Amino acid sequence: MNVPHFVFGIFGNASALFLFLAPVITFKRIITNRSTEEFSGFPYVMTLLNCLLSAWYGLPFVSPDNILVSTVNGTGAAIEIVYVLIFITLAPKKEKAKIFCLFTFVLLVFSVVIFVSLCALHGNSRKLFCGFAAAIFSAIMYGSPLSIMRLVIKTKSVEFMPFFLSLFVFLCGTSWFIFGLIGHDPFVAVPNGIGSILGTMQLILYFIYRDKKCVPRKQATTKEESMETGHAKPHKEKQPNANGAQA
């Protein structure tokens, strides 16, 4: 692993860790209120699957020189499991069953990927199989802020899209994109390139609408929900209360 490759990998680890920890404020609220309220657990389960697949892909016997991909995504998987278990514990009965089924599905998919990659594939075919799986769900994870971007354009307000969240999405996507380019790894470069582009779009929107405050809106969410990059279900009637990240 050359020095630039390693440096961008370390930077990517730091920014990704910040993103994984962004929902802590929301879960502090959930634990305090003993309720998941209007929050959706779906993004946490999907992010967990992305982390598990990416951590597996980064292992040396799957893809060489990508151990830094494994370290941050392994850490992210542990964090997301905690989020999912809290959600399952405190969610309403119907939502609890839904998230538990999704959680079981994630574990099943990950187990199948491990079994197939170890028992049926070897060498480059193993890397291709695991790489495609990781890249697809990584792109899905980066796409989660699209609903917030749409809300910013609709309300002409960045109240629901904190600056530092957008900044770290950009930094995370960009650093891992460069990491993938240096390592000639499209499975790392492509989805993180998408993340870099989306992060750039969020920053552009932020600077366009940052000074526009007095705009009526029909749908609103709380500051904690904005930390979730669109992870919360929008309230239909509630007005917003009086403020989230990548390697």
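Any Cβ shown, glycine's included, is placed from N, Cα and C.
No curator has checked TrEMBL annotations; they are predicted automatically.
If you check TrEMBL, you get these features:
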- 221-231: compositional bias 'Basic and acidic residues' (COMPBIAS)
- 219-247: region 'Disordered' (REGION)
- 6-27: transmembrane segment (TRANSMEM)
- 39-59: transmembrane segment (TRANSMEM)
- 71-92: transmembrane segment (TRANSMEM)
- 99-123: transmembrane segment (TRANSMEM)
- 129-148: transmembrane segment (TRANSMEM)
- 160-182: transmembrane segment (TRANSMEM)
- 188-209: transmembrane segment (TRANSMEM)
Going through 71-92, 99-123, 129-148, 160-182, 188-209 one by one, which has the most CB pairs that fall under 8 Å from the transmembrane segment (6-27)?
160-182
In the same chain, which residue numbers or ranges, 6 or more beyond the ends of the transmembrane segment (188-209), come under 8 angstroms Cβ to Cβ?
66, 69, 134-136, 138-139, 142-143, 145-146, 148-149, 152-153, 156-158, 161, 163, 165-167, 169-177, 179-181, 246
